[in-house]
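What Swiss-Prot says about this one:
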BINDING   890, 895, 907, 910  Zn(2+) binding site
COMPBIAS  484-494  compositional bias 'Low complexity'
COMPBIAS  495-513  compositional bias 'Basic and acidic residues'
COMPBIAS  579-595  compositional bias 'Low complexity'
COMPBIAS  680-691  compositional bias 'Low complexity'
COMPBIAS  731-750  compositional bias 'Low complexity'
COMPBIAS  751-767  compositional bias 'Gly residues'
MOD_RES   880  omega-N-methylarginine
REGION    170-413  region 'TRAF-binding'
REGION    185-452  region 'Catalytic'
ZN_FING   884-919  zinc finger
């Protein structure tokens, strides 16, 4: 294929030029080309192509813009898509790391294999296979809805490990890009920021083969992927032949738009059913031949992407609520929202009685057309923090409750859709939604600490406040109740006129309040909220006004009396809230009343029957309603959340975690060792490069005074180049980093003699507390020996003195001295003294080596341990004024330095060693 010939596509335009065929292509082929070229989720690819009328070039351009805007805050990807991954395998790059940007899953086929081979699922294939078999046997005992044990997976406590190992595990298991994107959008872990008693939830890395929804659900419960397609097959079976099939279909059709024709509904339902199949996706090539198993036969099978209705069906299979954390809009390169994301919200198993369901929800994350499991982390003190999932967003607005309405078996599509009375009976009020949440979950109100509690929510402008949302909500709720409680068939026209007048009156009141608030300066926002609260808000006179209007329109006295009661109760909402909060601990949970849970009535029947009396719910529901209304008005003192039960685990949980940690430790050690080898190789390469360039600069160094010649090494210009090369690399070890940090700070470093090294520029003689000359000269010897040994066997330890040596030489050339450099030079030099011989001066000799302004002062303050050194010094003084004589490579074998005729073509160090050897030979003669 054309895509396999491109190792690294630079942009979407290049892909468009190569993949776009001017001929009319089958939609499946176009979709396949788009997915193959970008690695995007098929669901996102289909949306982009449909938005551009299946124009591949335009869709690829939009995708490129989306990728660019979302990679601003995330690491950049150098190779995108499945084709780039194939080319990457052919041309491996050492140290190359690929991370997923915001709009491209890191879980294309190649990356999925990499992830799955390192995750908990593959820590021990025997243990995981045994666990899968056990789960499959449990699932086969039930017919269609799998009787799932209430398992909730938790990550092990990673705080007990070192920071490096913890970071390694987090990169291995956690979907970093998803976590960053959702946290920045304010959708994930905002509750742990405002309330420290709440645990953070972390998205687990999930493979992206089209089955990510069920993989994520399996990971969230058991810790392994749904490789055996147990959940996928159960999903398909329930949608095809399950007892709840018709009711689920009605709920799905009700939530969809009413724009489809009758024959289109069946076709849409058939397509939806086909998506749930466990059969891999089939792609048709341009010549009409079909290929199964993804893009080509060599890859793993790719399944059809699932939609939000499949999440709702999955909740019935698991018999437990599902909460999906997702952003609400997909945005283009300019930040403008161009497509909604409908997945976020709450999915309840409404076709199963609450007393037969698990109350602990399964929590999933959805980002970039990809699902991930959201799990918490174990802690030593489990009582200190609790695992919860808020049922509101960060603005304390209730999350969407998906597919909550079932019109019933007797609903006639196309006829009853125009009956306003029947439509009004199907509208769920806020109280009804809260009652469903209390029935299916263990909900709790978590108190927000006063120190992290946000001040009273202020409107962004005097004309756009939270009160408007509350007021519109109150209007819709009251209108729904009025439609239910009144005889709307007889008073339809009259009620419509009265409601229109009432709405105009409220708009006038709100406008008056805003105009007053605008004139009051800094006090306008708070006063504006209070005026709206009294004139048109949820906690003010709105219920009283509606009650009086209903009474004037001929409504019965019971309705007016009920509205008055609602008015008084809403006015007392803050008092009830404060009273309840004083007696409620942060961990205390409010549960539905026993009568609600004991009743086995269908939720649909319960919902329709409850609308006749909006206040028949339990006290917990009314308390939740009052607190939620107060939160929407700005008094945000609590978080409305569902409790996550993490105490139930399957019997193979501990074994899986143990095997994974053992495997991760081995891989971590291997990775660290590989990094050390790479660092040593890079250091050797840098040293070799510097050595090759050294001869061109050597005459300048040889023309310097004797003290400089006593330190064989590169010149002042060349060491700077070497230092820059070494600084571009990371430190090879923590010890070197610590020493470099101490050196940079000017700290004194203990030398071989045990004393702290300190020096001041400008001193010319011996000074008490000054470092002895031996350690300084030893560091020079150590550097040369290390440089000589690196050619044979480069080691990590050889990098450290080599990196400090040019700094010493540079300090001599610039006629300045730094105590930090002195401290850095003298580290780890004792072990290099052994080859120096017994005559080398020890640390106890009180000889000073001082660096000061001027070469003469520095020369006068230096002494040498051997007798022949002054001769070399005088020779250096003779050649000081002009360029040095011709030089050649040192005569000693394997020595990388250069010598001159005065030193018999030995370098200065080898020359001293040769003189010492001769003296010893003469002394040994009889």
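Glycine residues also receive a Cβ, built from the backbone N, Cα and C atoms like all the rest.
Each of the binding-site residues 907, 910 was scored by how many other Cβ atoms lie within 10 Å of its Cβ, and the smallest score goes to 910. Residue counts of the zinc finger (884-919) by helix, strand and coil are 15 helix, 6 strand, 15 coil (DSSP-based). A 10 Å cutoff on Cβ-Cβ distances gives residue 895 (Zn(2+) binding site) a total of 18 other Cβ atoms nearby, all chains included.
Shown for the compositional bias 'Low complexity' (680-691): DSSP residue counts in helix, strand and coil, namely 12 helix, 0 strand, 0 coil.
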